[in-house]
Amino acid sequence: MSCGLILGSLVLGGLGKPQFPEQEKEPQFWNAWAQRTLKNALMLQNLNQNKAKNLILFLGDGMGVPTVTAARILKGQLSGQSGEETQLEMDKFPFVSLAKTYNTNAQVPDSAGTATAYLCGVKANEGTVGVSAAAVRSQCQTTKGNEVTSILRWAKDAGKSVGIVTTTRVNHATPSAAYAHSVDRDWYSDNEMPDEAVQAGCKDIAQQLFENIPNIDVIMGGGRKYMFPKNQSDVEYPDVAKHSGTRKDGRIHSSSSLSCFYLHKYFCHYVWNKKQLLSLNPNSVDYLLGLFEPGDLPFDLERNSETDPSLTEMVEVAIKILRKNPSGFYLLVEGGRIDHGHHEGKAKQALYEAVEMDRAIGQADLMTSIHNTMTIVTADHSHMFNFGGYTLRGNTIFGLAPMVSDVDQKPFTSILYGNGPGFKMVNGARENVSTIDYQENNYQAQAAVPLKMETHGGEDVAVFAKGPLAHLLHGVHEQNYIPHVMAYAACIGQNREHCMSSGGTSGLRPVLSSVAALLTVSRLFC
């Protein structure tokens, strides 16, 4: 098919009917839309220089720019629209920048080293959490002296309430960098650690969750089995051996309330299902621990809506508890299974996870104020995921391209992976996708290179920001810049010199340009 034929088909369908709204034919439609956008942009010249009382970081694990775009289209199509013109909640944020995601020892990063960057403010080696690049993966003896603290710790030390909400295990790479110092992201419990590391004094990540930062106010996610003694049956899946406890040390005992997790008498609200969570009165809850699965939470497409809370529901409860603190709060929210969907080549699972995280962003927006709450949405890294093929306006995001390959004469889906488990040959040739259900929830999109698990991508990721001093996130930055900006906006951690002793605004003067503001920040950090 020639380029001209392809472009022509974008406008006219097979019967000559427009594939887009009639109003889009009129220049006035686009001019008026652009003028409204311009007026909104001009309003941003009045920068929000308030002190941030609250800080929220939404982290879409593996949510690269192609994932954001595809999720936008999916969100619109789920509402009966063509999708391309839809706005995600994150699209509404006034400031957008790019973050460079590489780890100190990796061009294409992993989620542990990146989490250390956007939570602790320093870049680190792949596979390590909460330690500097001087620490070497899996080498216990390199831990001591190389620990770095996170913005969650800075916020707690400043008197704020703090919380972690994730759809993965609470001791997975992203959340663990907020509280743990581990040279191996896979040391979920002592069962996953080599004996020599345990004997050398290194602690597993689950144990560090309850020791390193006392009284984390809200923790919600999965990972129950890492908190129970080895082989103890799970409360929800008593007959499934793989869900039984893993701990060998027996230090974290269990009961109906997990003995308030043994180490903290304050954790007297422990829940493990949706009914228990939603029955709580947030006004009477100061500390909450919710562990809803032995491992990761299920994909949202597979979630039992009667027993498993959604990310949006968890975020709503978390904010209701955290916002009671007059000093404000810090909340880390991870849409962690976007990443898992992509690794498995299951684009539909990944994109539905991204849409659910966007719902959670919208819920947080309803419960907070842009005047005193800085909210940032970003990703730790991207994936080898993309979509293309000159698809028509309104084409289902999980559909076929409008042509067949001019090499093997077979159709192909718009969504493809650069590598992964979707590589499949039938009789020595590429599989004909028209013979299978390519819109099934667990369909693995075709990949160019066969791998058991698809890999991360190495390109920059978007950083969406709103609220006090959100304009400091502009241009292209190193990923470790993010927590420094958040801390500066909230006057916590090392960023206090500029803060006024009284009043509700930071010490930055309104006349400062973006460049001058950046230079000021740089001087304070040096």
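Residue 1 is the first one shown; counting continues down the chain.
Including glycine, each Cβ sits where the backbone N, Cα and C put it.
TrEMBL lists 1-16 with the feature signal peptide.
Summarising the annotation, TrEMBL assigns Zn(2+) binding site to ASP61, ASP339, HIS343, ASP380, HIS381, HIS456. Taking Cβ-Cβ distances under 8 Å and a sequence gap of 6 or more within the same chain, the neighbours of ASP339 (Zn(2+) binding site) are ASP61, GLY62, SER111, ALA350, HIS383.
Its Cβ taken as reference, THR174 (Mg(2+) binding site) is surrounded by 29 other Cβ atoms within 10 Å in the chains shown. Positions annotated as Mg(2+) binding site by TrEMBL: ASP61, HIS172, THR174, GLU334.
Marked as active site, phosphoserine intermediate by TrEMBL: SER111.
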Give the sequence-ordered set of same-chain residues, not counting ASP61, ASP339, HIS343, ASP380, HIS381, HIS456, with Cβ within 8 Å of the centre of the Cβ atoms defining the Zn(2+) site.
GLY62, ASP110, SER111, ILE338, HIS342, ALA379, SER382, HIS383
For HIS343 (Zn(2+) binding site) and HIS172 (Mg(2+) binding site), what Cα-Cα distance in Å is obtained after rounding to a whole number?
16
Using Cβ-Cβ distances, find the residues under 8 Å from GLU334 (Mg(2+) binding site) that belong to the same chain and are at least 6 apart in sequence, listing them in sequence order.
PHE58, LEU59, GLY60, ASP61, ILE164, VAL165, THR166, THR167, THR168, THR174, PRO175, GLY221
Report, as a single number, how many Cβ atoms besides its own are within 10 Å of the Cβ of HIS381 (Zn(2+) binding site).
28
From the Cα of ASP380 (Zn(2+) binding site) across to the Cα of HIS172 (Mg(2+) binding site), what is the distance in angstrom?
13
